[in-house]
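Notes to accompany the following structure.
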Ligand SMILES: NC(=O)C1=CN([C@@H]2O[C@H](COP(=O)(O)OP(=O)(O)OC[C@H]3O[C@@H](n4cnc5c(N)ncnc54)[C@H](O)[C@@H]3O)[C@@H](O)[C@H]2O)[C@@H](O)CC1
Ligand SMILES: [K+]
């Protein structure tokens, strides 16, 4: 698992070490230079004579970059450091000059900006050391100008574009972000202004949340964490599950298991007009290893489900997790406006009953509360307060509607600009765990947040969300009681489902388009690969 800490926690961890004279900057800058050398060697062959431009800001981030530049100059690379602020890291500059590096005082002669941009565009490597964890807001003054101008000039790179893959060839410089790409929201992943998209981010001590969270996560390139000896003890601000975490916690059945110990998923999804969502959700739940899948929606849809998946049963009975809402019309706004016009095929009533059972509020149900996945039309069926073992799975549009229905003045672009903040707000307002779907999936539960970037862009296709709901339903059913008892566990399971779903999409058709049903069919193979490696 990757754990990310906020800037203030990293600073607090640095303080005692700095007070004790531990050479943190030497450690950081030496490791940074080592990674730059390795990358330049891999791309260019000989490193001697390779051209490096170092963008250095006023603080210690600039210090790291200048000291790394000094190491590179000492190895025979041609290093030019560009100082954007009158205040600069004095020992860093001195080290660089001693090693034979050249310094351009852009702050003293802003007119040389175009020459700087030209040199940067022709460089083999570009180090972005403008600001690190001391950044406040969008890049200002010359730092902003230089990033805007270089982004415009460097082939195929705009300030806000998705980071190119490390295999990107051509003449463009290899961009290495020092600690973080300068100008991102270090704690929240915001991109409030120009940011130079990096090919690699070398981050010190621990990942920062902004490296994992969208939208900034798209600008980091490969993230390399350098251990400089910091001890971070408190809870991380954001986490990212890795395959090994999911493999370790996957409930592999033993000889004593039967379908009820493995978990029964109850599904209310689809309508007679749109039965596909029900087929996808139930198929995914079956494929993800549910002990049993009960389709509890309308009869007409049930026939389509049974035709596709004869393993599914439609009779009432014990359920260990509910999946309510995929392919059911009506979201939060429709429900708020009292629009329940019958086009839902009676699914709203069935969904409400499922959610009431899951909340433990249905008279006469044995077994107590169980987890629930609440998707699409199910989101409009929620009560004012939900338990944390309900996992809401909106995309940005649905989350916006949910928030607006609860009095927040927010629009979709706001949610897209700050997904963690708004998923967190929805968690606060509803009490439920919130999984916000997107290129990077953000999950917020009580005291925990996850950011999962496991799937290809191809996964943005109709039906993919229905498959995720089914996979998550099966995973929640397998750990039903535990999820109800441990408030933060639903978020971990939801993040794990996002990982399995994303990796199954890669597996379904590596590098190419994927269809939702193919993703569902790839799920068992992905699970086998995961648990086979543990
Ligand atoms: N404390 C230490 O000794 C260590 C610090 N490290 C490095 O130091 C960095 C943090 O250093 P600092 O605390 O000096 O802060 P930064 O270097 O991140 O930035 C602070 C400086 O940038 C300017 N600035 C802030 N926001 C700006 C904006 N939006 N536009 C333009 N300029 C802006 C400020 O005027 C300030 O002078 C880390 O990210 C890391 O790279 C590492 O070397 C590890 C050890
Ligand atoms: K930086």
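Backbone N, Cα and C atoms are what each Cβ position is placed from, and that goes for glycine too.
Taken from TrEMBL, the feature domain 'YjeF N-terminal' applies to 5-236.
According to TrEMBL, the feature (6S)-NADPHX binding site maps to 60-64, 132-138, 179, 277, 327, 395, 466. According to DSSP, residue 61 (K(+) binding site) is assigned to a helical segment. Applying an 8 A CB threshold to same-chain residues 6+ apart, the list for residue 61 (K(+) binding site) reads 129, 130, 131, 132, 133, 134, 178, 179, 182.
Look at TrEMBL and you will find 61, 128, 182 tagged as K(+) binding site.
According to TrEMBL, the feature domain 'YjeF C-terminal' maps to 242-530.
As annotated by TrEMBL, region 'Disordered' applies to 327-349.
Following the DSSP three-state reduction, the secondary structure of residue 440 (AMP binding site) is coil. Taken from TrEMBL, the feature AMP binding site applies to 437, 438, 439, 440, 441, 465.
Take the binding-site residues 63, 438, 439, 465: by the count of other Cβ atoms within 10 Å of each Cβ, the lowest one is 439. Candidates 60, 63, 128, 136 (binding-site residues) were compared with residue 441 (AMP binding site); none lies inside 10 Å Cα-Cα.
Sitting within 8 Å of the Cβ centre of 437, 438, 439, 440, 441, 465, and not among those site residues for AMP, are the Cβ atoms of 395, 436, 442, 455, 498. Of the recorded residues, residue 465 (AMP binding site) and residue 63 ((6S)-NADPHX binding site) place their C-alpha atoms 45 Å from one another. Of all the binding-site residues in the list 128, 437, 438, 439, 440, the shortest Cα-Cα distance to residue 63 ((6S)-NADPHX binding site) is found for 128. Only 60, 61, of the binding-site residues 60, 61, 438, 465, place a Cβ under 6 Å from an atom of ligand 1.
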